[in-house]
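Novice: What follows is a structure written as structure tokens; I'll ask about it next.
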Amino acid sequence: MISCSLERLDDKIKTFSKFGDTGKGGITRFSLSHEATAARAEFKKRMEALGATVVTDDMANMYATLPGAEDLPAIATGSHLDSVRQGGNYDGVLGVLAAMEAAETIVRENIPHRHPITVVVWTNEEGARFEPAMMSSGVITGKFDKAAMLKSFAKDVPGYSFGEALEKSGYKGSEENRLTADKYAALIELHIEQGPVLDSEGIDIGVVEGVCGMINYEFTFTGQAGHAGTTPMKYRKDALYAAVKAIQHLHDELDRLDSRLVYTTGKISCHPNIHTIIPGEVKFTLDARHQDPKVLKKVMDIIKKMPAEIEKCKTGYREDWSRKTVNFTPGLVDIVERCAREYGYSSRRMYSGPGHDAQYLIDLIPTTMIFVPSVGGHSHSELEHTPTESCLKGVNVLLDTLLTIDSTK
Ligand SMILES: [Zn+2]
């Protein structure tokens, strides 16, 4: 079996870790920032050195294409180069570096391929600077209105819009360069798992079947604010106490559903939030994710059965937003699994909890993802780490997957 180069991959990881280096093991590389455009320039330079033609579309998504032997649609692979504030050196960027290393191996080893191979960089995946996340893959797949996206304002520079950043970046290209179904045959995105499963189970490769559906609710508890010293317990309508009981109730009920269900109360607000006043109003969120819509339906049923009153406080809830489960192309999922097996790597099928650009691209072309382990499950943090040896296994599976698609499509 052909292997990509550990040394070259290591060099790529180290080089790209410099763009936005926080000095504490991670990066802050907001989309279209100075740091991000420096990373893009390095990407362009390296891909052109391999003989690739690099173009950008109107959302500054980059496409670096190695020509194929035949006049066929291209096979695409890549991810994003932007990060969250004090993020790690692997989320997104590893998918780009893996694609670059697979392409470099093809060039250096003179591996014949019929289809063009395109390494893609998606703009503003994180949404850490300009909301929403997955903005540019969302625009080219018709999920978001482009005009509205151009007006998205930066969180770090007041009054600075995505549209202005796009103009200033030097990477705004033309709409005709967008990835479309007629020009592209398939897309493979390699990514770190961003969770602890592969690492704790000692598994090399995550064969990603899709992206979990997700629901987000906000609950409101209305009681009566009152003096902490004068209101006897029996007269109180303590909204925080009601909320705590509701959270406990939700946990008890949701834990019975399915071991793969994940749910989180990550945000809570307490009004007036003063230590001498009984809380009059409390809100909290519930984020629940599962691949099976039937399980999410059961979560909603549990929410709907919430009593109208808890501890004399009025309860309410509303759905904030949701997303449907995305299933990747079964034939490609099978290829990834088979390629991992051929290399003798252990693998397991899984769904992604976080969202990725690939979940939008599947609306255009056959798509799947490959996960590599995240040590300790750390992600969106400077602690994010995957040993280069583990990354290389993912890159090898990526290369083999690309070549398998090339020979069968
Ligand atoms: Zn990512």
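Heads up, the Cβ atoms here are built off N, Cα and C, so glycines get one too.
TrEMBL feature annotations, pasted as is:
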BINDING   H80, D91, H191  Zn(2+) 1 binding site
BINDING   D91, E126, H380  Zn(2+) 2 binding site
DOMAIN    212-306  domain 'Peptidase M20 dimerisation'
Novice: Find the shortest Cα-Cα separation between H380 (Zn(2+) 2 binding site) and the binding-site residues H80, D91, H191, and name the residue that gives it.
Specialist: D91
Novice: When DSSP is mapped onto helix/strand/coil, what comes out for E126 (Zn(2+) 2 binding site)?
Specialist: coil
Novice: Identify which of the following binding-site residues, namely D91, E126, H380, place a Cβ less than 6 Å away from any atom of ligand 1, and list them by sequence position.
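Specialist: Result: D91.
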Novice: Including all protein chains shown, what's the count of other C-beta atoms within 10 A of the C-beta of H191 (Zn(2+) 1 binding site)?
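Specialist: If we count other Cβ atoms within 10 Å of H191 (Zn(2+) 1 binding site), we arrive at 27.
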Novice: Of all the binding-site residues given, D91, E126, which has the fewest Cβ neighbours within 10 Å once its own Cβ is left out?
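Specialist: Output over binding-site residues D91, E126: least Cβ neighbours within 10 Å is E126.
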Novice: Within 8 Å of the Cβ centre of H80, D91, H191, which other residues of the chain have their Cβ, at the recorded Zn(2+) 1 site?
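Specialist: Checked against the 8 Å cutoff, the neighbours are S79, Y90, G92, V93, L94, G95, E125, I192, H356.
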Novice: Within its own chain, what residues at least 6 apart in sequence put their Cβ under 8 Å from the Cβ of H80 (Zn(2+) 1 binding site), listed in sequence order?
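Specialist: The answer is G92, V93, G95, V96, V121, W122, T123, N124, E125, E126, D357.
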Novice: Which numbers of helix, strand and coil residues does DSSP report for the domain 'Peptidase M20 dimerisation' (212-306)?
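Specialist: Taking the domain 'Peptidase M20 dimerisation' (212-306) as a whole: 31 helix, 33 strand, 31 coil.
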Novice: So around the Zn(2+) 2 site, D91, E126, H380 aside, which residues have their CB within 8 A of the centroid of those CB atoms?
Specialist: S83, V84, G87, G88, G92, E125, A128, Q194, S379
Novice: Express the predicted model's confidence over the domain 'Peptidase M20 dimerisation' (212-306) as a mean pLDDT, rounded to an integer.
Specialist: 97
Novice: When DSSP is mapped onto helix/strand/coil, what comes out for D91 (Zn(2+) 1 binding site)?
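Specialist: Reduced to three states, the DSSP call for D91 (Zn(2+) 1 binding site) is coil.
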